C-alpha cells in the first residue's frame, strides 16, 4: 500500500489488525457524533494564505515545560499500544525520540515503565488516571520518578467509562469475546506472528507489577472498571500536586471554568480534550472548545490540545486556535500498527512536511507566528459564535 499522506495509515492499519483491535482504537462512545466532529470541525477551519514572504528561515522548534521540541507535537498516552505492534510502546517511544519530541506512556500500557524509559535517550512523559486504588497511584508515581520521568499527564475525564458500542460488535467485549478474538487472530497472520506470538507478555505491565501477577485483557477490563472513581474532586488531587515535583498537566479540559480551576490548582498545563470522542458523546469538538479556553487562560498555563488531529495542517489549525502544542493519539497508533517504529517516524516526517507547507503559505516563520491571524476570520467568527 502506498503511503503518501499521514491519513493513509488508517487504511493500512485496518488491513493488518484483527477487527477487535482496529475498532478499539478507531471507535468512539455511543453514536460517535463527537468522534466525527473532531475531525470534521478541524477540516472546516480555513487557513489564511499569504504570499511573497521570505520564509527561508522557517523553524518548527518550540519549548514545552522547559523541554526543547523539534516541533510542537507530543505522542499521547494510548492504552494497550503494545497490542498494535510488538512491544509497541517501546517502538513508539523510539520513534518520538528520533524525531525530537516526547512520548507519553499510558497507565494501562503493555510495556511497563521500566522497559520503556531505558529504551530512549530523553525523558518520557507518564500518564496517570484518577483511580480508587491510591496505593497503585502512589506506586506508579514513585516508579515513574525512579525511571527519570519529569512530566506527569493526569487524566481526569474518566470518573466513569463511556459506552463504546463498537467494542461489543468487534469482539473487544460482549458475548464470546475471547473466542471471537482468537478467530480474528488466526485470520490475520501477520499480526498474529508479530504481536500475538512474538510480542508477549500480553498483559498490562504497570498494573501487573503492582498486583504481582499477570493482568490479561479480561483482568484489565474488570480492574479498570472497579477502579473508576466518580467521587474525585480537585481537593482529592492535592496530594499528587504535593508529591509530584515536576510539571503536571491536567488532561480532559473542555470548559473555560475548568481551565481556570486548573490554573488555581497549580497545574503547569492542560490538555483540551474530549478523550478522542471516547467518553461523552455530544460534547463539543476540541476545535470548537479550544478558542474560549484559550481566551480564558492563555498566558497563565500551557495549553495542549488533542482529538481529531490527523495531519500537519491540523496541528497548525490547533495552534492558531490557541494551543501551544498538540498531542497525537490515533494517528500514531495507526502508523505503528501498519509499520512499527519506522511507520511512526514516517508519519512524523509527513506531519512535519505538512506543517512546513502550511506555515510557509500562511506566512508563519515560527510557532509563535501561528495565531488567529493565520485563519480566515469568517471561520473564527463561526467558532466564536457557538
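Including glycine, each Cβ sits where the backbone N, Cα and C put it.
Summary of the site annotation: Swiss-Prot records substrate binding at 24, 129, 278. Screening the candidates 94, 164, 241, 317 against this entry identifies 164 as the one listed for that site.
In this structure the C-alpha atoms belonging to residue 24 (substrate binding site) and residue 322 (FMN binding site) are separated by 30 Å.
Residue pairs drawn from 24, 129, 164, 278, the listed substrate binders, are separated by up to 19 Å at the Cα level.
Here the candidates are the recorded positions 129, 164, 275, 278. The one whose C-alpha lies nearest to that of residue 314 (FMN binding site) is 275. In terms of Cα spacing, the recorded positions 164, 275, 278 all stay beyond 10 Å of residue 106 (FMN binding site). Cα spacing between residue 278 (substrate binding site) and residue 330 (FMN binding site): 12 Å, rounded to the nearest whole number.
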